[in-house]
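Annotated in TrEMBL:
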DOMAIN    73-554  domain 'Major facilitator superfamily (MFS) profile'
TRANSMEM  72-97  transmembrane segment
TRANSMEM  109-126  transmembrane segment
TRANSMEM  138-156  transmembrane segment
TRANSMEM  168-188  transmembrane segment
TRANSMEM  200-221  transmembrane segment
TRANSMEM  227-247  transmembrane segment
TRANSMEM  313-332  transmembrane segment
TRANSMEM  338-357  transmembrane segment
TRANSMEM  364-383  transmembrane segment
TRANSMEM  403-424  transmembrane segment
TRANSMEM  431-457  transmembrane segment
TRANSMEM  497-520  transmembrane segment
Amino acid sequence: MVFGILEDRHLDRVPGTGLLSDQRIVDGHSVTIDEAKHLKRGTGKYAHVVLIPQPSDDPRDPLNWPRWKKEACFWTLAFAASLDGALSPMVGPGYVLLAKQFNVSVDNITSSFGFILLGLGIFMLAQNALAVKFGHRIVYLASVSLMFISCIWCALSPNLPSIRAARLFQGFGMSALQSLVASTLEQIYCVHERGSRSVIWSFAIMAGITLGPLICSFVIQNLSWEFGFWFVSIPLGMTVIGVFFFVPETTFKREVTLNVLKRRNSDNGSLEKVAAASDVESVDASPQPTMPSYLSQLRIWNGTFTDVSMWKIFLRPFPFLLSPVTYFVFLSHGMQTVWLSLVPLCSSTIFTLEYNFNASQIGLTNLGGIVGIVLAMAVTGPLNDWGVVWIAKRNCGVYEPEFRLIFMLSMLFGVFGYVGWAVGNDHHMPWIGAVACITMLNFSMVVSGSAAVTYLLDTHGPNALHILALSNFGKNMVLYGSTFFANGMVLSRGVKVSLLILGACQAFCWLASVPMYIYGKRVRSFMFTRVFPKNFTDTVTGIFDPTPIHLSES
């Protein structure tokens, strides 16, 4: 039992477990595991870290891209993700004003602009299939282009039916940046690099969710809600150009063979530890290809990456409904996003009722969210990757994906935020108290959300895209349904009761991480030995390979 994680009784090497550090701490001294000496390692301060997965010798392999190319790709997608996050709640501070303008209820306005969530959920599974079949690049380009066009459509919409249609297509465009980026992180970064990148990606989305309503609130108050969409269309147009030039195709098919390390005995005994099969892969002997030119990588169409039909690819995520990790990600990441997203959706009602704020003042409450996500990124960004390497070194150099779940404790900040806001509101606390609670909610989301996504990447590799698509589909369907009654619940049940309900939901979702941490290793073994038969390995390539790899201590 390693740090509270139960060992498996069936497999000698559980899929997902890997050799991350080539050092073991024995009586305060570092002992090198010689059997890992020929594996590829990181550089600089990570020179002792064994790369998971092992990059091939092909220069086209995204794991072998130069640092500037990876950074350009990642930060372009991060900027696009921030705009993606801004689009959904940006008009939230003006819902009360728009209800008066269109002479309908606030819930009617919320559900009309909430059509973006319906489109987001519907297209989540479709874009997943398109990315597997045709690659990530063309899907990203289509997504940001659709976001740009539909944003102009929203600005020109004269009535609610037109707004609903525009927001539906806007949701289609948003889907890739809320799930496909996780797959791109898995394709271009190794395990010890993904945690901080996942935090930044979560930060970008949350920054958009908080800054969008903040900026748009002043536009609504002083100009009109239509101008908000005109202003957002400018950076969206720049994003289309950025994706075209800086986001090449990241899908890469590796021809791999297992490089099995034989166990060696020594006078001091043997240390049998395991590494994932995908983590020690090497390419078959063949003439080495050359790095394609920059211009050749700008082409939009790169052909197909699989001969499997679109229909089969579309159905591929559904077997992962048998994976407990799917439900864990849905509860800890997806549903936590729902509770947090209801705050800006209902902020117009809450702050109008309690503090009589106007649209611009309501928008300023999002500053609390900005503080929360900045603190989360500053504290957790470097700590996420450094922490798991530190723990792995004290586990004889062996990495368990469940180490990531320690950061799920941050969900308790969200519980304190909802409950504190509810109790403080009942005692007539000043508005700064409510803003402080929003800070805790956003801190919780960034830290725990990035930990959950990174855990998913580490345990399911390329198939994480399927699980994330299922989770986001369910999340957006729940959130869209909530738009029909959320503000009405605040009006009928009161702010205190509504926030206490959200706090209870947050606490329940956090509890899902406890059994996942304890039984996670056994779950990974169960998924391979009992759920996925051998003829299903084409969909789990590089994750569930039963061949054991033994390492001995010299």
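Note: Cβ is positioned from N, Cα and C throughout, glycine not excepted.
Worth saying up front: this structure is predicted, and the values here are computed from it rather than measured.
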Most Cβ pairs under 8 Å with the transmembrane segment (313-332), selected from 138-156, 168-188, 200-221, 364-383, 497-520: 497-520
Contact call for the transmembrane segment (364-383) and the transmembrane segment (200-221): at least 3 Cβ pairs under 8 Å, seq gap 6+: yes
Stretch-level contact, the transmembrane segment (138-156) and the transmembrane segment (109-126), CB cutoff 8 A, at least 3 pairs: no
Contact between the transmembrane segment (168-188) and the transmembrane segment (227-247) (3 or more Cβ pairs under 8 Å, separation 6+): no
Leading stretch by Cβ pairs under 8 Å, where the reference is the transmembrane segment (227-247) and the options are 72-97, 338-357, 403-424, 431-457: 72-97
Remote residues contacting the transmembrane segment (431-457) - C-beta distance under 8 A, at least 6 residues beyond either end: 182, 185-186, 194-195, 198-199, 201-203, 206, 210, 325, 328-329, 332-333, 336-337, 340, 343, 350-351, 354-355, 357, 365-373, 375-377, 379-380, 384, 401-402, 404-414, 416-418, 420-421, 424-425, 464, 467-468, 506, 510, 513
Stretch with greatest number of CB pairs under 8 Å, the transmembrane segment (72-97) reference, 109-126, 338-357, 403-424 candidates: 338-357
Mean per-residue pLDDT computed across the domain 'Major facilitator superfamily (MFS) profile' (73-554): 78
Remote residues contacting the transmembrane segment (200-221) - C-beta distance under 8 A, at least 6 residues beyond either end: 74, 77-79, 81-94, 97, 177-178, 181-182, 185, 227-228, 231-232, 340-341, 344, 347, 358-364, 366-367, 369-370, 373-374, 376-377, 381, 442, 445-446, 449-450, 453
Residue numbers, six or more beyond the limits of the transmembrane segment (109-126), whose CB comes under 8 Å of its CB atoms: 87-88, 91, 95, 98-99, 102, 160, 163-165, 167-172, 174-175, 178-179, 314, 317, 345, 469-470, 472-477, 479-480, 483-484, 486-487
